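Enquirer: Grabbed the feature section from TrEMBL, which reads as follows:
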- 15, 16, 17, 18, 19, 20, 21, 22, 23: ATP binding site (BINDING)
- 11-229: domain 'Cytidylate kinase' (DOMAIN)
Ligand code: CDP
């Protein structure tokens, strides 16, 4: 296999919360030698900034104040050499673990509806993808960030399956959560993400659907990798495996 010399493409993975987008995206990027970018981490980092600065609480966000303070926010991804994974930094501080906690999850969707927040993050995401060779996951990657992406995947699974996966993940990390609150959060984020005015979550017309309710990790990776290799092959390269 000689994939590093093949033309690089952009792979956009969108879909509902907690359906395993980041798992597929990370594994796909690793298999292809691509960069993985978690766009949701950027919305989560902005949300953490809001929470830490008293601009979000009890499900409410102080929009005008957050918009005014956006210039104070710097988000970066830095490679952790030990894990070989990118980690999210907010104003120089590693927040990778903190942004996955429930307080951020319960405020992130309202924050992500703010037009100015989206404009700033989308601009940064587009800059990160300009050289291609990237797998990005989120809600609007195939529709708004990279409408020209060579491969678009729309992932979904039932809310119960997704809540169970997220519950297992958080319990595994030692966090105190109940299945009911996770299910509620998953359903609430679906509702806000799909209903918002700016770049709502929707399947791009040319996206392929991956419902992984009954697929395991290896099966979903095989599926995605096969699609990616097909696209790369169709770009005119035969020497792919
Ligand atoms: O991991 P999970 O799919 O649950 O969520 P995430 O990718 O970390 O994204 C967190 C939240 O950020 C989503 O529920 C959306 O409200 C928002 N988001 C967005 O609006 N646009 C994106 N491209 C990515 C995330």
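Backbone N, Cα and C atoms are what each Cβ position is placed from, and that goes for glycine too.
Each of these features: where is it, how hidden is it, and who are its neighbours?
Expert: Taken residue by residue with DSSP, residue 15 (ATP binding site) is part of a strand. Neighbour density for residue 15 (ATP binding site): within 10 A of its CB lie 28 other CB atoms from the protein chains shown.
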Enquirer: Identify, in sequence order, the residues in the chain of residue 21 (ATP binding site) that are 6 or more apart from it along the sequence and have a CB within less than 8 Å of its CB; answer 'none' if there are none.
Expert: 13, 14, 15, 137, 138, 155
Enquirer: Ligand 1: which of the binding-site residues 15, 19, 23 have a Cβ closer than 6 angstroms to it?
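Expert: The ones that qualify number zero, so the answer is none.
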Enquirer: Can you tell which of 17, 23 has the most other C-beta atoms within 10 Å, given these are the binding-site residues?
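Expert: That would be 17, with the most Cβ atoms nearby.
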